């Protein structure tokens, strides 16, 4: 019923006929014949069928591609021209400088052969340092430009011969003498330029930061000669057993790799220049020129590679004026930039410098506060030299962000910061030791580097020092040594890392630059404490960590050492602070303390066949348990600061013209143009 009614009510049916015409019916009326004329008419017909908007879009795309092609052609032409010019310049450099024209000739000859009678470690027989001849120190001036050499070259060559004769004579006499062995961590803005700007000017060239007046060089002394001898002994081990590798293993006569980038060699470049070791420097420079390659599939730590490699290359460039080191610095600087590609702009800890990728550690998305805030001196200087603002902009953003964060305690910062959120993590724990130490150091040093005008940096530094005084300072018993402890969720711990011994030097540097006078008083007290961390130990060497006694106990010293903390890694921090204190006060006791430390390093860590080793037990003089590893900072920092400590020449790295990075690589303070 329903279907029939629906059919009756529906519309009438219509029938259709379909007709298909083959090619033969339409050829005569202009059908498809595969001719070029037909194809042109067909394309034109299709073009006319397009809307006006569609045709406009297509025409715009063609025009855009044409413009891009012209620009690409121009850029490729400029790049090719630049490469050609660079190649010609390098050829001219090689013709003019077969190895390198050094601004500062060597003081001492090549390393002496290892003494065949030394025997096995730890029975180390060590030669006595020769008495100083009346010679001139080399280099006489540490300049960014090569100084005038003609008036002093002959004198220094005579000095080399005199020192060689003394060393050879001393070798003959050493068996008849008692053994001496040595050890082996008012503001003036008108002096400055404008504060760093995101708008970079033309690239800076190395220009002398020394005064125009050329002062007579200060004679090298006996203690400095002892440091040079220690360096050469360490360098001999590295050259013989670990050349081009990261770190020497002196006991097994082998090496260990961290990044595979020759860390020890790069860390020691400016040390050799300051010591005047021309032959060793030239040899190391050739390795940098021919063998140092950053295009490799390897993960590096952003912080460590910045302070050691980038800092070392920039410093050596400034001291030598050799553009090779600046080119290498630009290369590694660019390869580290992917670390800053994070949601918060707080950089990742690790970068693959070959693949251009970065990532946090496998176990966390946090970076340590010290690491992300202690790369600024180097990247800022790289921007100043290259004219490329990206380096400075990246690290300045980090500091500005940290400046605004909550979670601080009277200027003291936690140890960790999240790379995703940009917020501090693990709140409530405050230390000036590992993971936080150099944050405080770089607040002051960036302020000095940039001309004392970046007030946020100074404010954060001053607030932090007040926080240290309020929360972390205590006195030990029985000698009432002032020390810096740690605070964990309101509970004070009398634990102090050797790393904290950077602080007295930093305080003294601040006082020298016009900050509060009580900073120098605190620096003096803390330097005494850091020295006692050596003097109260059986070997005369400090452990990695000490705990101070807060209550007097019969038979107990101020310093207590736990079994897990009694190792020594040849760290520089105490010697660093001794250098600053002597430079600013002239008190000879700081030199004497440094000399004791040098003697004990050589007595307990020197390996006869070359090199120095970390030790596991500073409390056991008969067997300090060598670890078979020489850290790169022993040559880059410890011996450098020791040499500067023993010098009476304030122009040997003038602290009004240079600022040291946290790896002891001096970078110039930005002076007025």
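Yeah, the Cβs are placed from backbone N, Cα and C, and that goes for glycine too.
Check TrEMBL against the ranges 35-55, 56-76, 77-97 and you find transmembrane segment recorded for 56-76. Region 'Disordered' is the annotation TrEMBL gives to one range among 183-217, 218-252, and that range is 183-217.
Counting every protein chain shown, 17 other Cβ atoms lie within 10 Å of the Cβ of residue 304 (active site, proton donor).
Other C-beta atoms found within 10 angstroms of the C-beta of residue 501 (disulfide bond) number 30, with every protein chain shown included. Spatial neighbours are here defined as Cα atoms within 10 angstroms of one another, and by that definition the neighbours of residue 501 (disulfide bond) among the recorded positions 304, 544, 573, 662 are 573. Sparsest Cβ environment among the active-site residues 437, 544, 573 (other Cβ atoms counted within 10 Å): 544. Taking each Cβ in turn and tallying the other Cβ atoms within 10 Å, the top scorer among the recorded positions 530, 662 is 530. Cα distances from residue 530 (disulfide bond) to the active-site residues 437, 544, 573 are smallest for 573.
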